[in-house]
Amino acid sequence: MKELRSFIKYYKCYIKLLIFTLMCAVLLALLDLAFPKIIQIMIDKIIPAKDLKTFYYISGGLIVMYLLRYAVSYYQLYYGNILGIKIETQMRKELFTHIQKLSFSYFDNNKTGVIMSKLVNDLGEISQLANHGPIDLFIAVIRLVGAFILMVTLNVKLTLVIFSVLPFMIYFAVTQKWKMKLAFGKTRIKIAGINSCAEESIGGVRIVKLFNNENHEIDKFEKKNQEFQEAKKETYRTTAVFFSGIHIFMNLMQFIVVFYGGYLIMHGELTYGILISFLLYCYRFMEPIRKMMILVQSYQKGMAGYRRFQGMMEIIPQIKDIENPLILKEINGNIELKDVKFSYNKSSEELDKDQSLILNKFNLKIKSGESIAIVGSSGVGKSTISNLIPRFYDIDSGSITIDGKEISKIKLSSLRENIGIVPQEAFLFGGTIGENIGYGKLGATRDELIEASKKANIYEFISSLPKGFDTLVGERGVKLSGGQKQRISIARIFLKNPKILILDEATASLDNITEKLIQEALMTLSKDRTTITIAHRLSTIINSDRIVVMDKDGVVETGTHEELLKLKGSYAKLYR
Ligand SMILES: Nc1ncnc2c1ncn2[C@@H]1O[C@H](COP(=O)(O)OP(=O)(O)OP(=O)(O)O)[C@@H](O)[C@H]1O
């Protein structure tokens, strides 16, 4: 009921549309109830009396009613679907907005394909329910009650005999309902599995081909595909049992009308008109029952989807603003990490024993405008530091401050506005070069793009392209080289112009010329900014103001390149 109530809330914004479609539905149901009654009057009264004038009038009236029914049915179907799609679009917008707010840790633990499935498939089924749910229910109730009343006025005995079948039908429907519910839940999980498998396989197509593992991927996909098929088969089986069972009950009712109705006619208790009218009502009466059964099906599918939608909407973003957060305006760029403890997996048991800590009482102070490089063996937590300063993850204890202000108290957007990150692997969106650079400052002018790309040493390359800034980069920038992508991501930061810069150095080797171009661009970029370089190779950091060497216990050495070499400690060893 709680779920249903929260679902119904979505109708609030479209109440006029809902009322209109419901009115159409009422009219439709009334028209459908009137037809058999009119036909009964024609057969029993007008035709035997050979009243040609009334016969023509009523026939004309029937044609008008059919046309009216056509128009009403059109509006009900069209606007009913519009209602459904509006609710679907609204929910999709809310879900996408919510996904944008979720923290890194959510994406670390959830597959993209599964999230996509929720965003696309589940909501489609909710739309079906939103559209058909209340309207079909309304039509069904009016038709059922109306048919019952009209049938009673025609013949009580026959009506009661027909209605005696109903409890058995309901029992059958309810017992099947649960089986269908389980089956639909399972297909949803399986389709998400297909999505996620395809997404990974297509996203990693280069690695797949490099390792000649196409067949392995096909097998993996086929397994998921087969699992989906099996789950789908189960839904078809339960659905088939359900609907064919319902048909048996319908046929039974028709049989009762013909058999018992015929018997009553032979005993002079029923007219032919009433028998035909009963047969027509039976259809009118069974139709809503069938519709209600379909409704049960779409209700289960839609609600299963809605439950998953709700489940996702209820995930609270781990990283969010406090009430009345601080806004950073002009900052100097002093950074301090003090006694920072951090772990990615925050299971309390492990935390107690400090087992999963990546940083344990880590301390580091960086002055405004200083350029430091962090070095250390692989996996020691260098990139982790670059994730903590912009608050992609929250620390477990200790503090991180910018100009003395605790970052957890600063408005997230204002914090991130002041930080630029050049990541290890440049990520480009599937648009043009201009759009990708402009991502650093939405609405940037062409002149600003040119200036930024000049500073990033990529302008010459861009102007050599026939379409220049309008050149499409392909999905994730596949049409560009690693070095070109890097420089585009540097140009983005020039446009953003943040005070704090984090350079997570590319681990991939670049040729000497490209590396020189990138290094030059980075030198220009780091001027007058606090710069933290996460160094995966040592060749590029010799000129840093300060080099910080870290191991699993924290900072072990700090100084300039020369000072550290003289120390003959960890850095000297690493460097050698
Ligand atoms: N998102 C994550 N979830 C869980 N654990 C993670 C995550 N990212 C990194 N780790 C773990 O944290 C540790 C530190 O990783 P980090 O990427 O900071 O190392 P690094 O010093 O930058 O290494 P490298 O020089 O190889 O890039 C590693 O043991 C890694 O397995």
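Cβ atoms here come from the backbone N, Cα and C positions, even for glycine.
Predicted automatically and left uncurated, TrEMBL annotations should be read as such.
Outside the coiled coil (211-238) by six or more residues, the chain places 176, 179-180, 183-184, 186-187, 189-191, 193-194, 197-198, 201 with a CB less than 8 A from a CB of the stretch. Residues or ranges marked as coiled coil by TrEMBL: 211-238.
TrEMBL lists 19-301 with the feature domain 'ABC transmembrane type-1'.
Residues or ranges marked as domain 'ABC transporter' in TrEMBL: 335-576.
Annotated transmembrane segment per TrEMBL: 55-72 (among others), in sequence order. Listed as Cβ neighbours of the transmembrane segment (55-72) (distance under 8 Å, sequence separation of 6 or more from its ends, same chain) are residues 24, 27-28, 31-32, 34-35, 38, 41-42, 46-47.
Summarising the annotation, TrEMBL assigns transmembrane segment to 135-152 (among others). Sequence-distant contacts of the transmembrane segment (135-152), counting only residues of its own chain at least 6 positions beyond either end whose CB sits under 8 Å from a CB of the stretch, comprise 21-22, 25-26, 28-30, 32-33, 36-37, 76, 80, 158-159, 162-163, 278, 281, 284-285, 287-289, 291-292, 294-295.
Sequence-remote contacts of a segment are chain residues at least 6 beyond its ends whose Cβ falls under 8 Å from one of its Cβ atoms, and for the transmembrane segment (158-174) they are 148, 151-152, 242, 245-246, 249, 252-253, 256-257, 260-261, 264, 270, 278, 282, 285, 289, 293, 296. According to TrEMBL, the feature transmembrane segment maps to 158-174 (among others).
According to TrEMBL, the transmembrane segment annotation covers 240-264 (among others).
Feature annotation from TrEMBL assigns transmembrane segment to 270-286 (among others).
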